[in-house]
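Features reported for this protein in TrEMBL:
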- 104-136: repeat 'ANK' (REPEAT)
- 137-172: repeat 'ANK' (REPEAT)
- 267-299: repeat 'ANK' (REPEAT)
- 300-332: repeat 'ANK' (REPEAT)
- 397-429: repeat 'ANK' (REPEAT)
- 499-531: repeat 'ANK' (REPEAT)
- 532-566: repeat 'ANK' (REPEAT)
């Protein structure tokens, strides 16, 4: 049957039997030994020496589709078919080139490695097959061995290294075989139908084989601390992949272990940085055990602890802290780990930094409170306060936390800060106290809280940058509830602003009669005048917003109806001059003196240019 298959393979015209013959002729020729001059022997030699027929035959074999069979040799064929006796016979044939290449540059040794033919690999090496030949992509047989399943590659790599293969040659991925091993390790094909137990067993086997492969390579005396021309170091790559076995092998090698602090020449990054960056906690622990600096400094401000916090990795943060990481080291933005933890709402990590790491919360009081309260995270804010945060610290704009909470109108935050002892006794850069912000926000609940505290501390009547008290602002806002709160806590009705105006002046000028009534009930001085000599009644008369009710409230409270401003005008004179007949009528109804004269000797009647206004005076005079 072997002869029939070989004859089919040797004829010029392809036969339908070709695929079968190509795959199984070697099985049928199993009892045929090379050199016997039998018919099978003669036909087999003829076939193995005919590159054209070999190429045609292997193109018909489905399993050979991933192999470049153009210009393949008989030696390639014997390796593929795993017929070592014929491979041996061809190797000994003087005309056979053991290093002959296919069109893709692969030798029989490449094929033997790819196929995991360990005996043939050894046999080819024993007969001086060159282990350093590169295929067209740049891979040597050793590179191919390292991407094979580990159970096959281990012995192959050992054989290759022991046979003088160069481990510093670049492969298809642009890295050396040594780099390939440390960077990538042997390839693992995770079968989709493999069970979890099978995968676990496979992973364990891989780990054992990786260590063995590393041992084989290290036995060549590789200097682990001398980087390659492109800056490559094995420890950094092992740290990046998180391979604890690989790391231990490198760190505990005797003599000359890998230097745990040696950095990559290109990006100046340490093994610890790689392990932290790729979240390899076990690798981080091992590196620290071998002396890695947990407080290493970097030009970009990177620290292991800050990176772990950014990753929100509690275990890694704890590990770094117990090994001495300094929590108050800042990055290039001036932020320590604590600020990053607060910003990302990682309460557990904040606790670790404060309790385990003894982070100085007071040092960054303003920022941590601003972040935690901005996140509406009062639990974290409370934790920070328990560890030394100053609740009255001012930020770069002079605003304390109480200012910000008041400006937001958050009664919840204000109450929290007050319970933590916030005083809020200083104005911010705009001159506003927390109480002023609360009034401007029109937040009655916040106003109540702050008014109570301000009254107790004696700064209820503190003025803002414009000289306004909280009561004046509430009046300008026309907020009766806020005015009631402030007056209940004894806010002064008569505090003057820079223009000499009181809350009563504003209420009268704006025709805010509810507020006016409140102020008058609380004994506001209705005759106090501003810098122009205007009383509340002058303001009411001169305003377009006030009405007869405003004048009536002031008059019935006992306001002076004949007081003169700095222009010597009484309220009736001012009303007459401004053509306000209804105000004249109201003032006269409250018995205002219309006979008074100004410095020019004029009465209110004489100042009136409007006939309707004059009629009011005429009616008054003839009535009485």
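Glycine is treated like the rest: Cβ placed from N, Cα and C.
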**Request:** Give residue numbers and ranges for long-range contacts of the repeat 'ANK' (532-566): same chain, 6 or more residues beyond its ends, CB-CB under 8 A.
**Result:** 500, 502, 504-505, 507-511, 513, 516-517, 520, 526, 572, 574-575, 578, 580, 582-583, 586-587, 590-593, 596, 598
**Request:** Calculate the per-residue pLDDT averaged over the repeat 'ANK' (300-332) and state the result as an integer.
**Result:** 95
**Complete:** Contact set of the repeat 'ANK' (499-531) with the rest of its chain, CB cutoff 8 A exclusive, min separation 6+ beyond the ends, reads 467, 469, 471-472, 474-476, 478, 480, 483-484, 487, 493, 537-540, 542-543, 545-547, 549-550, 553-554, 557-560, 563, 565
**Request:** Quickly jot the same-chain residues contacting the repeat 'ANK' (300-332) by Cβ under 8 Å, restricted to those at least six beyond its ends, or write none.
**Result:** 272-273, 276-277, 279, 281, 284-285, 288, 294, 338, 340-341, 344, 346, 348-349, 352-353, 356-360, 363
**Message:** Just to be sure I understand, if DSSP states are collapsed into helix, strand and coil, how many residues of the repeat 'ANK' (104-136) fall in each?
**Reply:** 17 helix, 0 strand, 16 coil
**Item:** the repeat 'ANK' (397-429) - residue tally per DSSP class, helix then strand then coil
**Value:** 17 helix, 0 strand, 16 coil
